[in-house]
Amino acid sequence: MSEGISKHLFLPKGSGLGLKDGKLDKNTFKKVIPVLAAKVAPEKAGVLLKSPVMKRYSDQADLSPEVLDFLKSQSAELVSHPIEFGYDYWTADDIIHAILPEELEAGAPSGFANVGHIAHLNLRPEYLPYKHIIGQVILDKNPTCRTVVNKLDNIDNQFRVFRMELLAGEPDFVVTQFKREDVVADVFAGVGPFAIPAAKKGCAVLANDLNPSSYKYLTMNIAENRVDSLVRAFCEDGRAFIRNAFNRAYDDPLPPPPQPKPRRSELKEMRAPDTPPLPPAPRRQRINHFVMNLPDTAILFLDAFRGVLAPENAGGRDLSGLYDAASMPMVHCHCFTRELELAKAEADIRQRVEEKLGHTVGEETSFHWVRSVAPQKEMYCVSFRLPHAAAFATS
Ligand SMILES: C[S@@+](CC[C@H](N)C(=O)[O-])C[C@H]1O[C@@H](n2cnc3c(N)ncnc32)[C@H](O)[C@@H]1O
């Protein structure tokens, strides 16, 4: 028999619940609710559950004589059974709304943009004192999330390293789709929030931004983070950058990823006198990914890929050995759509992408919902393998 437990099941909003010395205290979210239960022999459980006589009651006093008679006929014993609801039970919204003080509760941050394992928040200043706690709750409540960051909007003179700060989880800012061996071309790199962590992972990066101020801070960040050997910066229009990127990587290959530090067991082997030295890893000539984070217009730049590898654009270089159908780069393009339904949004984005490329995109195409930016505006990231036929098309 179930009791009307839902009326007990809420967390008081704006109560500051869950905070102890400014830290998240998960124990405070424990709620024990007594439930009125009927104890019967196992073989009678089904009869009780299916009986039309049994309805929801919240109190023993509410039970009608009909129910009491029925229970008696089934030799059921009425007992009070406590059910415990803990931190794991509540949603991130329940918890965040409970933690924040009353005056901040109304505009509490509830959404976040999600890129791979990273959740990006954009907290307003009044929520910053609670940033680590909010980050922790989001991390706890989203199983695929390993890193929660807060985007910092201002670029000023002191701000030279990162435009995001870690709130909770692992300091791994590179989305898993990149391997350390990869070469990444970041067409709209900004000050490098993507390019620099990718290089820290071992990727070689061609990073570009048309804005001279972004470019200036990009180069400063590259130096500051000591990834000069792996990141090359450019200040060009995105379309020109795409047209030049393949030839640049071919003519002046990028360095191999730094060798990972050998493990202790490997060190011993390496010291053995007859162990030959490891062959140097080859320099990298082939671009594996294009990142295009300019959601308003990035799709419009996709026509720059048309014929980009054809001999007439490649200036006599034969790039066909380097890029075959399976090894064409993946393009990750941020964009907006007014379609709210997933299937319609995907169809809309696909149609615009294919129109610009002049070719269809194949099976390796995925649509990643990033966030809602306005009531009728959704942000997505579409990833697709650059069609071989589009890149080698002759005019
Ligand atoms: C949305 S920001 C993305 C920056 C960064 N990738 C990030 O994730 O924070 C877009 C960037 O594209 C740059 N941009 C705008 N138009 C461009 C163009 N035609 N060519 C190259 N970069 C451009 C802007 O200066 C800006 O830094």
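Note: Cβ is positioned from N, Cα and C throughout, glycine not excepted.
Small disclaimer: the values here were computed from a predicted structure and weren't measured.
Summarising the annotation, TrEMBL assigns domain 'SAM-dependent methyltransferase TRM5/TYW2-type' to 112-388. TrEMBL lists ASP209, LEU210, ASP237, GLY238, ASN293 with the feature S-adenosyl-L-methionine binding site. What TrEMBL lists as region 'Disordered' is 250-284. Positions annotated as compositional bias 'Basic and acidic residues' by TrEMBL: 263-272.
The list of residues near the region 'Disordered' (250-284) in space but at least 6 beyond its ends in sequence, with Cβ under 8 angstroms from a Cβ of it, reads 180-181, 183, 202-204, 206, 229-230, 232, 314, 317, 319, 322. Under DSSP, the residues of the region 'Disordered' (250-284) split into helix, strand and coil as follows: 10 helix, 2 strand, 23 coil. Among the listed binding-site residues, namely ASP209, ASP237, the Cβ with the most fellow Cβ atoms inside 10 Å is that of ASP209. Overall, the recorded S-adenosyl-L-methionine-binding residues ASP209, LEU210, ASP237, GLY238, ASN293 cover a maximum inter-Cα distance of 14 Å. Around GLY238 (S-adenosyl-L-methionine binding site), taking its Cβ as the centre, 21 other Cβ atoms fall within 10 Å, counting all chains. In this structure, ASN293 (S-adenosyl-L-methionine binding site) belongs to neither helix nor strand by DSSP; it is coil.
Cβ proximity to the S-adenosyl-L-methionine site centre (mean Cβ of ASP209, LEU210, ASP237, GLY238, ASN293, cutoff 8 Å) flags the following additional same-chain residues: VAL187, PHE188, ALA189, ASN208, ASN211, GLU236, PHE241, LEU294.
Within 10 Å of the C-beta of LEU210 (S-adenosyl-L-methionine binding site) we count 18 further C-beta atoms, all protein chains included. Around ASN293 (S-adenosyl-L-methionine binding site), the C-beta neighbours below 8 angstroms that are at least 6 residues distant in the chain are ASP186, PHE188, GLY190, PHE194, HIS334. According to its DSSP assignment, ASP237 (S-adenosyl-L-methionine binding site) is coil.
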